[in-house]
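Novice: When I checked TrEMBL for this same protein, it listed these features:
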BINDING   B:Gly91, B:His92, B:Gly93, B:Lys94, B:Met95, B:Gly96  NAD(+) binding site
DOMAIN    B:7-54  domain 'Rex DNA-binding C-terminal'
DOMAIN    B:82-185  domain 'CoA-binding'
Number of protein chains: 2
Amino acid sequence: MRLKKLEISERVVQRLTEYLSILKEARKQDSEINSIELAKIMNTTSAQVRKDLSTFGEFGVRGKGYDIDNLIEIITRILGIDKTNDVIIVGHGKMGEMLSSNLDVLGEGFKIIGIFDKDNDKIGKMAANNLVVQDIRNIGEFIKNMKNDSNIKINMAILAVVKEQAQIAAEGLVKNGISAILNMTTCKLELDKNVKVVDMDISAKLQELNFWRINNTENNIDEKI
Amino acid sequence: MRLKKLEISERVVQRLTEYLSILKEARKQDSEINSIELAKIMNTTSAQVRKDLSTFGEFGVRGKGYDIDNLIEIITRILGIDKTNDVIIVGHGKMGEMLSSNLDVLGEGFKIIGIFDKDNDKIGKMAANNLVVQDIRNIGEFIKNMKNDSNIKINMAILAVVKEQAQIAAEGLVKNGISAILNMTTCKLELDKNVKVVDMDISAKLQELNFWRINNTENNIDEKI
DNA sequence: TAGATTGTTAATCGATTAACAATC
DNA sequence: TAGATTGTTAATCGATTAACAATC
């Protein structure tokens, strides 16, 4: 696979995950797809589909379209989920529990290798995946041992603590070498710029939805005093 | 409050939810904030902050800035969460259970008034919030009764079924008058255009994060064969 | 009044799309 | 070869930002 050196926008990466999901669905029916069909499902233009994909290389066949299996493989590789990526979950409340026990929710390509909490009532308890909830205070040691014993370098975490603890917990993670955080809390994390944070704020999304629900008369907010 | 008639972009609404979250945090320290401070926390420019807010009216005081409490109240109203908005949850697996039992996760302004599943093992069971899991097949009746008995018009749902059921379940909801769906599944829903869907795909977000984690050397993917 | 910060206009930047030569 | 669809360029559109008059 040939990858171009290029500035890649967040938008393109977001759509890449959508293409992957659509292609996995489409593969049940067909073995090929073209940019027009893909665009229709994506609610966009075929030009955008082709441009997005061409960011990463030439994957199509002129006159025919794209081989679905091939495209799935390529996008899978671009997103780095052709291998298994190790993740730790921090916080074992309702959210952390759901994430660790619902196998489907993280999707393929990710493996939970540690679950942490600061609550003594939870530490030591058996969680899903044959994992025991560990003391968050031992996270540095855990990461170090993983590196030494198995040569596994952990740098990705899912943050699922209560929002009051989010900032301080995140800082602790960063101190211990975590550089990628999926933030499931409502807290806006303020961390070093080279730490990549992706926010997953359910309440914010619900607020968005509610805005559009209220202002759904196509076009939209009336002038009112 | 004066609301301007205007095309509002999804981006602006997204940021509105962020401003709200930041302002709620800031209110603990201060009673006023200006666009420069707000921009710094948001990682953007003061111009964007002022432009975003001015989409909805004139809320600042020249020479001073914005009153935090006032701005919170205004954004709260714009997002429609100054009142309580009724939501139903469809699917009472790990995800649905988490959503209905974790009070914080939906945030203020939303109330779960019904929980549904199609699984006979789950129907009739007591869930959180003193709600009993109802048969999804009775959802039409439930919505009709709510309308007749309490004049509550339900049109917002959180879809938390397994992805194989997502499309068919969503269609059922729409048939019964739901026009706003927070989609917690990985499935890309294909519904009538006037149904507003907001996707909340954890695995997709994790894929995104993983991409940036892998390609985090500031600038970024190398040319390679 | 002087200093500060808003709201808004105009300039810039980046993302989307139309169009088409390349090519299967 | 004729028909189709890609990959890419150039045009368009929309979003961000700089700059500044308005005004507290």
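Any Cβ shown, glycine's included, is placed from N, Cα and C.
No curator has checked TrEMBL annotations; they are predicted automatically.
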Novice: Write out which of the listed binding-site residues, namely B:Gly91, B:His92, B:Gly96, lie with a C-beta under 8 A from a C-beta of chain A, sequence order kept, or 'none'.
Specialist: none
Novice: Where does B:Met95 (NAD(+) binding site) sit in DSSP terms: helix, strand, or coil?
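Specialist: Going by the DSSP assignment, B:Met95 (NAD(+) binding site) falls within a helical segment, counted as helix.
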Novice: Could you tell me which of these binding-site residues, B:His92, B:Lys94, has the greatest number of Cβ atoms within 10 Å of its own Cβ?
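Specialist: That would be B:His92, with the most Cβ atoms nearby.
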Novice: Name the residues of the same chain, 6+ apart in sequence, whose Cβ is under 8 Å from the Cβ of B:Gly93 (NAD(+) binding site)?
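Specialist: In sequence order, the residues whose Cβ lies under 8 Å from that of B:Gly93 (NAD(+) binding site) (at least 6 apart) are B:Asp117, B:Ala160, B:Val161, B:Val162.
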Novice: Non-local Cβ contacts of B:Gly96 (NAD(+) binding site) (under 8 Å, 6 or more apart, same chain)?
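Specialist: Expected: B:Ile89, B:Val90, B:Ile115, B:Asp117, B:Ile158, B:Ala160, B:Val161.
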Novice: Are there residues of the same chain, six or more positions away from B:Gly91 (NAD(+) binding site), whose CB falls under 8 angstroms from its CB, and which are they?
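Specialist: Non-local contacts for B:Gly91 (NAD(+) binding site): B:Phe116, B:Asp117, B:Leu159, B:Ala160, B:Val161, B:Val162, B:Gln165, B:Ala169, B:Met184.
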